[in-house]
Amino acid sequence: MNAYVVTVATLVAIQSIVACGLNVVVGYAGQISLGHAAFFGIGAYASALLTTKAGLTFWTALPLVIAITGLVGLLLGIPSLRVRDDFLAITTIGINFIVEAVFLYVPFFGGALGIGGIPRVTFFHVKMKGLPYLYLCLAFLALVLLVCRWFTRSWAGLACFALREDETAAASMGISPVRFKLLAFVLGTAMAGLGGALYAHFMRFISAGDFSFPVSVMLLSMVVLGGMGTLWGPTLGAVILVSLPELFRPLLEIRFLIYTLLLLLMIRFQPGGLLGEASLVRRVFSRLMPGKEAPR
Amino acid sequence: MKKVLLSVRDLAKHFGGLRAVDGVSFDLHEREILGLLGPNGAGKTVCFNLISGVYTPTAGEIHFAGIRSDGLPPHRMAALGLGRTFQIVKPFSNLTVLDNVIVACGVDRYRSLARSFGGWTGAAVRKKAVELLERVGLADEADRKAGLLPLGHLRRLEIARALAVGYRLILLDESFSGLREEEIAPLMDLVARIRQDGISVLLIEHNMRVAMKLSDRIVVLDHGRKIAEGLPGEVARDPLVIEAYLGRGGSSRVA
Ligand SMILES: Nc1ncnc2c1ncn2[C@@H]1O[C@H](COP(=O)(O)OP(=O)(O)OP(=O)(O)O)[C@@H](O)[C@H]1O
Ligand SMILES: [Mg+2]
C-alpha cells in the first residue's frame with residue numbers, strides 16, 4: 001500500500017471511531033448532537049497536552065484522555081439533556097463554538113498556533129507510523145464496534161432505544177430519561193475522546209480549526225449516510241465521506257457544502273441511511289443475494 | 001377491611017386558571033378494580049398522570065404501597081410496581097412488538113447502572129415477553145414493527161407492557177376504546193383475571209357496559225371534582241351522575 005492510501009485509511013478509521021460515538025448519542029439515544037467535534041477536539045487536546053507538557057506516554061495518557069472527555073461530556077450533558085430535543089441541537093452547536101474558542105484564545109491551549117511536536121505512539125519501543133499506526137487505529141475501531149454491539153444488547157442500550165422512540169412511555173417502564181441519555185452521551189463523547197487522541201498522535205500538530213462546527217456536520221453526515229442506529233453505518237459513512245473528496249480532488253474545497261447537502265438529501269429520501277431499514281442498499285442486497293441479509 | 005394500596009387525598013392540579021383536578025379523594029384497595037368515570041374533560045387522565053408521576057400535584061397527597069408518592073417521577077413509580085397505559089397510545093414504533101414488551105420486562109434492570117449493563121437478549125426474558133403477548137392475544141404479531149399495528153392491537157400492546165411493569169397496580173386509560181366488538185370480551189376476561197394475580201386495577205372507561213361490569217366500585221369525576229362514589233348500580237342511578245353525563249333531563253346512556 002502506498003503511503004497516501006495508508007494516510008487516508010488511517011483518517012477513515014479515526015473518523016469512524018468518532019462517528020460511532022456520535023451514533024451512540026444520535027442513533028441509539030435519539031439525541032441530536034451537532035457539537036460532537038468539540039469532544040473529538042477535547043480528546044485531541046487532552047492527549048496532546050498530557051504528552052507534550054506533562055510528559056506522559058500515549059498509553060498512560062489514554063485512559064486519562066478518555067476519562068476527561070467523558071467527564072466533560074457528563075458535565076455539559078447534564079444541563080443540555082434536560083432541554084427539549086430541538087433545543088439540544090442548538091445547545092450542542094453552542095458547545096462546539098465555545099470549545100473551539102477556548103482552544104483558539106486561551107494561551108494554555110496554544111492559541112492560534114495550536115499544539116505541535118506531539119510525539120508518535122510507541123509500542124514496545126517501536127515508533128508507530130504508516131501501516132502499523134493504521135493497524136492500531138483499526139484495532140481501536142474494532143474495540144469501539146464491540147462496545148457498540150455490547151451496548152445495543154444491554155438493558156441500558158434498550159433503555160436508550162425506548163427513550164428515542166417515546167420518552168414518556170419509556171419513563172413509565174422504569175427508565176430514568178436523564179440517567180440513560182447521560183450514559184449514552186458520556187459513552188459517545190468518550191469514544192470521540194479516543195478518536196481525538198489517535199488523531200493528535202497521527203497529525204502530530206493540531207489546532208482549533210480541526211474541531212470546528214463543520215467537522216460536527218461532517219460527522220453527523222457520516223452517521224446519517226451510513227444509517228443511524230446501525231452498527232456498521234458510521235464506518236461506512238466515514239469510508240465514503242473521507243475517501244470521496246480524496247478521489248475527486250476538486251470536491252475537496254466544497255466538501256462541507258457537499259456534506260450538508262448530503263445530510264439534507266438523506267434525511268429527505270433515505271432517513272434510515274444506507275444500512276437502515278428498507279434502504280436502497282438493503283433492497284439491492286436482498287435482490288442480489290436472496291436469503292441473506294446486509295450487515296447493519 | 002381490605003388493605004388500602006393507593007390513597008388519593010384532596011388532590012388538585014391546576015393549569016393556569018384551569019382546575020383540571022380540584023380536590024379529589026379516593027382509596028383503592030388491594031385486589032380491587034376501581035372505575036374512574038366522567039364526561040370528556042372531567043380530569044380523569046390528569047388524575048392518572050398525577051398518580052403515575054407525570055405531573056406533580058398543585059395540592060394534595062398521594063400514598064402508594066405504604067409510601068408518600070406524590071412528586072416521585074414516573075420511573076420511580078414504575079419501580080414501585082405501577083404499570084399504566086396511555087389514552088393516546090405510545091408505542092416504540094421502530095421496535096418490534098416483542099421488543100416493546102421486553103423493554104417493559106426490564107423495569108428492575110433500569111434501577112441501577114450496574115444492573116442495566118446485563119444483556120436483554122436472553123431466552124428467559126423473551127419467554128416472559130411472549131407469555132405476556134399471548135395473554136393479550138398479540139403473540140402472532142411479535143416480530144412486526146409496533147408502528148405498523150392498528151389501534152386495537154396497540155391498545156393491547158399497551159396492556160401487555162403495563163402488565164410487565166405493574167405488579168401492584170395497573171392504570172388502564174380507555175383501553176377498550178377503538179376495539180372491535182369481538183375483541184372486547186376476551187380483554188374483559190383478562191382484566192378480571194389480573195386481579196386474581198393480586199394486582200389492583202384503576203380503570204378509565206367510556207364504554208359503560210364494560211365499566212359497570214368490571215368495576216367493584218366506581219368514582220365519578222366532573223369538572224375536576226368527585227361527584228359520586230359507590231357500587232356500579234348505585235352510581236348509575238345517581239341523579240348527579242346522570243346530569244353530568246347527559247345534561248338536565250336525559251337518562252338513556254347511563255344504565
Ligand atoms: N397538560 C395540560 N395543560 C393544560 N390543560 C390540560 C393539560 N392536560 C389536560 N388539560 C385540561 O384538563 C382538563 C381535563 O383533562 P383530562 O385529559 O384529564 O380529561 P379526561 O377526563 O381524561 O377526558 P377524556 O375522557 O376526553 O379523555 C381538560 O380541560 C384538558 O383540556
Ligand atoms: Mg382522558
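Glycine is no exception: its Cβ is also placed from the backbone N, Cα and C atoms.
Quick look at what TrEMBL lists:
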| type | residues | note |
| --- | --- | --- |
| TRANSMEM | A:6-26 | transmembrane segment |
| TRANSMEM | A:33-50 | transmembrane segment |
| TRANSMEM | A:56-76 | transmembrane segment |
| TRANSMEM | A:88-113 | transmembrane segment |
| TRANSMEM | A:133-152 | transmembrane segment |
| TRANSMEM | A:182-202 | transmembrane segment |
| TRANSMEM | A:222-244 | transmembrane segment |
| TRANSMEM | A:256-276 | transmembrane segment |
Listed stretches A:6-26, A:33-50, A:56-76 vs the transmembrane segment (A:182-202), most Cβ pairs under 8 Å: range A:33-50
Mind checking which residues reach the transmembrane segment (A:133-152)? Cβ under 8 Å, same chain, six or more beyond either end.
-> 6, 9-10, 13-14, 16-17, 20-21, 23-24, 28, 120-121, 123, 161, 187, 191, 194, 198, 202, 231-232, 235
Counting only residues 6+ away from its ends, which parts of the chain sit with a Cβ under 8 Å from the transmembrane segment (A:6-26)?
-> 32-33, 36, 39-40, 130-131, 133-134, 137-138, 140-141, 144-145, 148, 151, 160, 184-185, 187-192, 194-196, 198-199, 202, 218-220, 222-223, 226, 228-230, 233-235, 237-239, 241-243, 246
Do any residues of this chain, six or more beyond the ends of the transmembrane segment (A:222-244), have a C-beta under 8 angstroms from a C-beta of it, and if so which?
-> 8, 11-12, 15-16, 19-20, 22-23, 26-28, 141, 145, 148-149, 152, 161, 164, 251, 259, 262-263, 266-267, 272-276, 279, 295-296
Surrounding residues of the transmembrane segment (A:88-113) on its own chain - C-beta under 8 Å, 6+ positions past either end | 31-38, 41-42, 45, 49, 76, 79-81, 207-209, 211-213, 216
Remote residues contacting the transmembrane segment (A:56-76) - C-beta distance under 8 A, at least 6 residues beyond either end | 39, 42-43, 46-47, 50, 95, 119, 121-122, 182, 185-190, 192-194, 196-197, 201
